[in-house]
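What TrEMBL records for A:172-184, A:265-282 is compositional bias 'Basic and acidic residues'. Taken from TrEMBL, the feature compositional bias 'Polar residues' covers A:285-297. Here TrEMBL flags A:18-133 as domain 'Response regulatory'. Per TrEMBL, 4-aspartylphosphate is recorded for A:69. Residues or ranges marked as region 'Disordered' in TrEMBL: A:172-191, A:257-302.
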């Protein structure tokens, strides 16, 4: 699964373009890899969306562009797209065999820079570099004329520019500009050479506060910018962030609406299952008054919402039940109380907190079973039910002996990640950082690292995380990328990691009335008789 | 067997596969991707497909044979199969998957059911024909000949 030789510096862009391909179909992965190599690109393939995210988080700035399939069992491609847009801000191309306009539109809405129809042809792949180019151009414009100061503005991605510089991509002027800026402001060593704004927890908090203050309907980038009062931040930064934020919220809203309406387009096939009631004991206190067990000192106060019974979120989810495990939550509770900074706690009071389904993370930190599962179950549950297809977790038993994350590919250097991840899991149970510094594994769980490493290394105090504590790279703690997964808990960085640890989900199938079929002979299952 | 006879047999077989709609243009694209660095590329990809599609079909048939069928699940498998078959140009298989989808969208159980057996059938046909094709290739190469390329 590893990319091969790096082209020499003398070779011009786009040679050596670093592409990450994500597709659950092994034949497609192989074909795409071959095609991209023929374009002289540097290719990394990945069969699982979650692993792809890990890779991207861990190897920041090592990729220029991501190509991903839309239909994947472990995570909806659009969701992956959003994650990448929010956390890494890389250009993402979607692919699908389904070319329906509505789907393509959805892709664009979610921020895809292109949408390719399978079967994809060489010539289409040859051209993908334009998206990378375009984005870089955009960023150069963004940093023009800025004065960099330290403060809240966390600038990263030096490598983004460096990579291009190596290839003679930046003009002399750009480079000069970069150097000029590096002279300013010695105290913050991270200031210079940075190309892009990173939306840290703190920064995003300011953003959301501003939005709420103005009133969601009346926001505009300028107003937000003024309210935020962050030196160095531009209107463009805010505008683009606002756009993403809107997208994210609208998607949430739609999902909640679907759930509320019991949206089901295949009504005949899928008689609705009565929603399963959760074991309330295991739920964090998200909804006021509904959960008697306010365990583990959650500092978080849920917005007032109506209590919703467990409802299926969308028709896709109807047939999954979350089986609640009576596991304790303190570890997560710790971190979650950090979310006193939950940014949009106020935003949408009308959104039912579909927390019932979101308690998957309460089952603790199951080991990476998800790594092992075959592509057997394709119920894609957009919201939380991402875990629905994953097998029952087995806490802390053997580490997966087969570290075959990507079905078809060699283990590459992902092998490094897995044991490290294992270590990290053990280290964070209970979820306090007894970790000993930035191990590789911790990089993989950025939320935890970001939150706690810089503190005492022992039990971190919740709610006392300030911006300065979040060095390095708190951009991992992207708050709303897993908003949907944890109801209104915004401790996303962690949640993203916790996503990896699935819950027990029973997928109970939709039972259609099978009586019609009794007359039909069973289909001969033997394929190779 | 004489090399040129082998080659002719090969070409005939390949042509007929296209004519019968078992293969489509995508297969040619794959052949063009193959090069000296990776002479077994097409073979490898198709083998991957055999494995993957075989598994999918087994799963979806077993799902179909249950007392209460989870059509959504079956549809998901079929969708996957559709994507896979498109990757190597298995036109007929792809087409049956498409038909299934259409029935599914209309909630037509009977229609869906009627697709399952053909799906399996097409897969088996496809598999045996392509295995024959690859066997011919091997024979040609063993006899010192080169594999005729299809031009489109």
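Every residue number used here counts from 1 along the chain in the order it is shown.
Glycine is treated like the rest: Cβ placed from N, Cα and C.
Heads up, TrEMBL stuff is auto-annotated, nobody curated it.
Counting only residues at least six positions away in the same chain, the Cβ atoms of A:22, A:23, A:24, A:25, A:28, A:77, A:94, A:95, A:96 sit under 8 Å from the Cβ of residue A:69 (4-aspartylphosphate). Across the domain 'Response regulatory' (A:18-133), the prediction's mean pLDDT works out to 92. For the domain 'Response regulatory' (A:18-133), the DSSP-based tally of helix, strand and coil residues reads 54 helix, 24 strand, 38 coil.
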